[in-house]
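*Asks:* Have a look at the structure that comes next, please.
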């Protein structure tokens with residue numbers, strides 16, 4: 001049999017698979033948690049279906065049978081997702097968690113595709129079938145407080161009355177957004193642009209009408225501003241932490257084992273994020289601008305979906321959608337960051353692709369089923385909003401690039417580490433050695449844990465690689 005040559009495209013494919021699509025768990029100490037259980041899952045699914053088929057009462061109505069069957073399909077789909085779906089770039093607390101997130105995201109995307117082919121009344125009937133309490137819900141019920149009433153009367157009691165649970169959720173949301181983005185200027189741009197978005201759509205979305213002090217003080221400065229700064233402080237704290245993980249078997253005492261189990265739900269490592277530097281290419285600046293636009297669109301979809309389908313912000317359906325979008329965005333942003341900065345990544349990851357497809361399909365659903373809402377829209381308001389979103393995103397990126405980003409030739413320090421470079425996999429090392437490009441020296445610590453960094457390897461006739469997209 002002819003031996004297959006190991007080409008550069010195969011190296012890039014392995015790098016994409018191991019770092020973007022299906023990141024492996026390193027230093028496994030309890031192998032029972034990471035072994036394949038496909039036959040066990042098959043047996044559990046079959047036994048569950050057999051139990052339902054044999055012992056379930058036949059007195060249920062057609063609607064009840066369809067509802068229970070829908071739940072069974074969803075649960076089985078999640079079980080199958082654990083076995084076959086990619087976990088993406090994350091492995092904490094367990095790869096199965098991120099496979100379930102991907103499966104739930106895919107199921108939600110399929111539901112959106114189905115909704116595109118329905119009329120508004122038909123889509124609402126399905127939602128009412130799942131949540132009967134929404135049957136008599138009207139648009140006036142969504143407004144849970146007064147909006148833009150007597151804005152000239154500014155008192156401490158009135159301002160304090162707006163500091164409800166949603167204000168706390170607003171603050172926590174911006175902490176999470178900042179941790180995901182890890183860029184102060186972009187986060188502040190999103191915060192200010194959102195207030196402009198509320199002004200542009202306030203004539204068709206009543207809950208976008210706010211007093212100036214509510215928009216400027218409570219939203220931009222207090223909730224958004226404090227959330228952004230707290231998020232950046234958490235990012236800096238996570239950057240300077242020392243990530244050394246001991247096996248739970250090597251820890252003595254129940255308290256230490258419990259602490260290690262809880263810490264499993266924290267990041268296993270932390271990557272310094274550097275979106276731009278002064279020598280960044282135009283393509284990188286353009287890609288980062290698209291991130292700002294898509295992010296703004298994803299947030300706008302949540303309000304239009306609530307308005308079109310008449311669902312309150314506190315309803316579980318709204319909260320589940322918000323939780324799912326947040327979990328979807330975490331691996332998607334990580335994959336997008338590597339796609340922007342890493343020249344070895346030639347295509348987007350599955351989580352990123354699915355996130356973009358979901359956001360665009362949500363927009364299509366809002367536009368199609370909310371046609372009556374858009375009939376009352378002021379066209380020039382929307383045109384000005386689109387122009388401002390595009391200009392502000394590009395302007396923010398260019399300001400960050402030339403005024404705040406460090407130069408590419410800046411010596412690395414504790415605060416300005418270098419751009420993360422491609423880390424060769426074991427198959428890459430084997431390919432290089434098969435071509436007689438012998439490694440001449442390795443760093444001892446890197447060899448101990450089975451990984452070799454580019455700086456620790458000196459290769460004869462090393463090819464020139466340009467680390468810029």
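Every residue, even glycine, has its Cβ placed from backbone N, Cα and C.
Keep in mind that what you see is a predicted model, and the values were worked out from it rather than measured.
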*Asks:* Quick one: sort out which of 13-33, 34-54 is the transmembrane segment according to TrEMBL.
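*Replies:* Here TrEMBL associates transmembrane segment with the stretch 34-54.
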*Asks:* According to TrEMBL, transmembrane segment applies to one of these ranges: 257-275, 352-370, 409-427, 428-446. Which one is it?
*Replies:* 352-370
*Asks:* Would you please say which range out of 66-84, 123-141 has the annotation transmembrane segment in TrEMBL?
*Replies:* 66-84
*Asks:* Can you find at least 3 Cβ pairs under 8 Å between the transmembrane segment (96-118) and the transmembrane segment (382-404), where each pair is 6 or more residues apart in sequence?
*Replies:* no
*Asks:* Residue list, the transmembrane segment (66-84) vs rest of chain: Cβ under 8 Å, 6 or more residues beyond ends.
*Replies:* 36, 38, 41, 44-45, 48-49, 52, 60, 96, 99-100, 102-104, 106-107, 129-130
*Asks:* Would you mind listing the long-range same-chain contacts of the transmembrane segment (318-340), meaning Cβ under 8 Å and 6+ residues beyond its ends?
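*Replies:* Residues packing against the transmembrane segment (318-340) from afar: 19-20, 88-90, 98, 101, 104-105, 108, 176, 180-181, 273, 275, 284, 287-288, 291, 298, 302, 305-306, 311-312, 347-349, 351-352, 354-356, 358, 469.
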